[in-house]
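Colleague: Take this structure first; my questions come after.
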Amino acid sequence: MSQTIDLTLDGLSCGHCVKRVKESLEQRPDVEQADVSITEAHVTGTASAEQLIETIKQAGYDASVSHPKAKPLAESSIPSEALTAVSEALPAATADDDDSQQLLLSGMSCASCVTRVQNALQSVPGVTQARVNLAERTALVMGSASPQDLVQAVEKAGYGAEAIEDDAKRRERQQETAVATMKRFRWQAIVALAVGIPVMVWGMIGDNMMVTADNRSLWLVIGLITLAVMVFAGGHFYRSAWKSLLNGAATMDTLVALGTGVAWLYSMSVNLWPQWFPMEARHLYYEASAMIIGLINLGHMLEARARQRSSKALEKLLDLTPPTARLVTDEGEKSVPLAEVQPGMLLRLTTGDRVPVDGEITQGEAWLDEAMLTGEPIPQQKGEGDSVHAGTVVQDGSVLFRASAVGSHTTLSRIIRMVRQAQSSKPEIGQLADKISAVFVPVVVVIALVSAAIWYFFGPAPQIVYTLVIATTVLIIACPCALGLATPMSIISGVGRAAEFGVLVRDADALQRASTLDTVVFDKTGTLTEGKPQVVAVKTFADFDEAQALRLAAALEQGSSHPLARAILDKASDMQLPQVNGFRTLRGLGVSGEAEGHALLLGNQALLNDQQVDTKAIEADISAQASQGATPVLLAVDGKAVALLAVRDPLRSDSVAALQRLHKAGYRLVMLTGDNPTTANAIAKEAGIDEVIAGVLPDGKAEAIKRLQSEGRQVAMVGDGINDAPALAQADVGIAMGGGSDVAIETAAITLMRHSLMGVADALAISRATLRNMKQNLLGAFIYNSIGIPVAAGILWPFTGTLLNPVVAGAAMALSSITVVSNANRLLRFKPKE
């Protein structure tokens, strides 16, 4: 079965290098297509990643596997100490390897603007990727381009931009901009409605809005007042539309400018030269221009206020860092600004303090609340040698700790960076909406012109009036803004809410894939279980001494890195171990060596059988231990089986409850393990697993995932080790447990900040809720436009004899955007079912 593998390339410097790599890959019979750039390759075929990397190396370049579904958000990993789930739940990043830049944008009004700004940024030399977020009015740009070049590109496209250095400044400027924007929209709405409402009411109860010789001067004054309203309260619509026209584009502002402008120009023409129009066509529409501008500005104000609420989760994370830290020196303690704290400084924490930076405790004990980082509500006890993390709170106790990571290098900063990048990404469904939005405005203008022409040539008299009403109403009611906001608003709210539950999503596409899963595969060791195996029994045969058996087994395991080795060494921690010679690791079987003149074998039954050691006499004991969920580790001395060490890795305390939640949600649960089937089935029965794939060697995990996918299943893989990375990459969605290896986390689409399977259930529940919300928004926006535009074009006239008022169209347009934003904000209150 063909697959697409994403590779990160190194050593390429020009087009010739790209061509050489592409030709080398496509010469392989198992490669169907290779898309190569200077930095990456996307290869489709049946070849494995290892084979492709070897081919690239033979061509003279280097390559490594990157995330198959999305570009990794952190380009490098700096291994951290395995002290807490938090510290390892993110790949560390330095200021040098973070090539992303943030821009605050202004002047954008709909998805057409997004496409235009994104294309402008991606055309700048040095830009590898640009993500524009309409909901937050921001752009996240990857690459080596300078901030000045990026700002100039945006301004050339007709919009405003400001380069932002860090999250603190971004937040400050974004809040300033949001407050200023809301104030501006508010007074513009008040001014426009203050003129529009009285004129409309007067027209309804005191005048029929038809110009006559008696009221002509009064209407001329009203027309000039309306023009002033259009300039001062609606000028931004016309300026934006003009800039778009100069750049050969059309946006929502174009529709508003055309609709209100045509209505005013027609009314002023009737006002100045009434003799040119038949008596029945001398109707004025000044109030429509003022009311439409007022209602749309009011809608923008309410939308901006609702958008601010959508970033609530991320703002909570930003609020976690205190402004100062308590520095301990030889002269005593003093409070210093957070920006002055450097790695290596000694800091103090007492009850109630919020931790300012990451570090390691050197003295004292304390209970820390890490809920905002990990979603874990139970305070954690910390002592000397343990890690503490910026943003957590000391509930009780006092400690001294040495700063290890400050500023943008703290776990909290990396979480914020990951969340923000995920919020700026777009799923496939969102990209489809963007494509539609890109042609939406020109199509609406064409529909308005065609509808107006039909009414002009075939409509009732006075044709010019009906033509004007139809064209204006169609232009005003169409709402690309709702379409453009539908996806990003749901993503911002969903990703932010997930972060509150300790679930970090790499990108929006991962959320979409996670919402369609039907099978969840768990690695056993360290995922379903605690990852801390214990020797629960030692049974000897042929009168062999139990202590001697344990001593020899531990001696062999000194050279092994297997998790079971640690359990045996812990059991023999107080014993004097002999020197081992000729140590060998037999992959998937065990270890061998010589000690005190004896040939030793330690491993599974397959190892002893492979070395012609008879195990028939002890098969009953092996089966008995395996049926209880223990892993039988056999020791053979000089060709004879002399001992059985039963090693058991207990299930996590919340594994059963979490798996029950997943069962109720309709997922099929699969356990992937290298254990023998008897042991694996015993553990699966205890945990409530549906299917067991046992006896899988480390390099066979990805193949096991492939087999499940070939059955038509949508598969998530949950793991934490380096050997899980290929399976995490192969799965439709890889989920890395907090505390897992950096390689696993870098490969996974979703990272859990707490080492709990409840996080898996939470992640999948939030993914489903987010996609459901996204579909509701998109469906609502499509239905609104699909019904609104035909109604505005007069489709109901033959049946009801009525047309939609342009003012009602303006109100409906504003309401559609507010509805989308409000619906997305419901995700901020979402709680996964227990």
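Each Cβ is built from the backbone N, Cα and C atoms, and glycine gets one as well.
According to Swiss-Prot, the protein carries these features:
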BINDING   Cys110, Cys113  Cu(+) 2 binding site
BINDING   Asp720, Asp724  Mg(2+) binding site
DOMAIN    3-64  domain 'HMA 1'
DOMAIN    99-162  domain 'HMA 2'
TRANSMEM  187-207  transmembrane segment
TRANSMEM  218-238  transmembrane segment
TRANSMEM  254-274  transmembrane segment
TRANSMEM  284-304  transmembrane segment
TRANSMEM  438-458  transmembrane segment
TRANSMEM  464-484  transmembrane segment
TRANSMEM  779-799  transmembrane segment
TRANSMEM  801-821  transmembrane segment
Colleague: Using a 10 Å radius around each Cβ and all protein chains in view, which of these binding-site residues has the most neighbours: Asp720, Asp724?
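Modeller: Answer by Cβ density within 10 Å: Asp724.
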Colleague: Okay, the transmembrane segment (438-458) and the transmembrane segment (254-274): do they have at least three CB pairs under 8 Å, pairs separated by 6 or more?
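Modeller: Since 3 or more Cβ pairs under 8 Å link them, the transmembrane segment (254-274) and the transmembrane segment (438-458) do come into contact.
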Colleague: Check for me, if you would, whether the transmembrane segment (187-207) reaches the transmembrane segment (284-304) - at least 3 Cβ pairs under 8 Å, residues 6 or more apart in sequence.
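Modeller: Counting Cβ pairs under 8 Å (6 or more apart in sequence), the transmembrane segment (187-207) reaches the transmembrane segment (284-304), since there are 3 or more.
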Colleague: Which residue counts does DSSP yield for the domain 'HMA 1' (3-64) in the helix, strand and coil classes, in that order?
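Modeller: Summed over the domain 'HMA 1' (3-64), the classes give 22 helix, 23 strand, 17 coil.
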Colleague: Between the transmembrane segment (438-458) and the transmembrane segment (779-799), are there three or more CB pairs that fall under 8 A, provided the residues in each pair are separated by 6 or more in sequence?
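Modeller: Touching, yes - the transmembrane segment (779-799) and the transmembrane segment (438-458) meet the threshold of 3 or more Cβ pairs under 8 Å.
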Colleague: Looking only at residues six or more beyond either end of the transmembrane segment (438-458), which have a C-beta under 8 A from one in the stretch?
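Modeller: Contacts with the transmembrane segment (438-458): 110-112, 115, 250-252, 254-255, 258, 464, 466-468, 470-471, 474-475, 478, 480, 483, 789, 793-794.
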Colleague: Quick check for the class: what is the C-alpha distance, in angstrom and rounded, between Cys113 (Cu(+) 2 binding site) and Asp720 (Mg(2+) binding site)?
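Modeller: Between the alpha carbons of Cys113 (Cu(+) 2 binding site) and Asp720 (Mg(2+) binding site) there are 42 Å.
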Colleague: Go through the chain and flag residues at least 6 beyond the ends of the transmembrane segment (284-304) whose CB is under 8 A from any CB in it; none is fine as an answer.
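Modeller: Sequence-remote neighbours of the transmembrane segment (284-304) are 178, 181-182, 185-186, 188-193, 195-197, 199-200, 203, 209-211, 219, 222-223, 226, 229-230, 233-234, 237, 256, 259-261, 263-264, 266-267, 270-271, 468-469, 472, 476, 485, 805-807, 809-811, 813-815, 817-818, 821.
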Colleague: Take the transmembrane segment (218-238) and find every residue of the same chain, 6 or more past its ends, with a Cβ under 8 Å from one of its Cβ atoms.
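Modeller: Hits for the transmembrane segment (218-238): 187-189, 191-192, 195-196, 199, 211, 253, 256-257, 260-261, 264, 267-268, 271-272, 284, 286-287, 289-290, 293-294, 296-297.
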Colleague: When DSSP states are folded down to helix, strand and coil, where does Asp720 (Mg(2+) binding site) land?
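Modeller: DSSP assigns Asp720 (Mg(2+) binding site) to coil.
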Colleague: Within the domain 'HMA 1' (3-64) only, compute the mean pLDDT.
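Modeller: Mean pLDDT for the domain 'HMA 1' (3-64): 80.
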Colleague: With helix taken as DSSP H, G or I, strand as E or B and everything else coil, how many residues of the domain 'HMA 2' (99-162) land in each class?
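Modeller: Taking the domain 'HMA 2' (99-162) as a whole: 22 helix, 23 strand, 19 coil.
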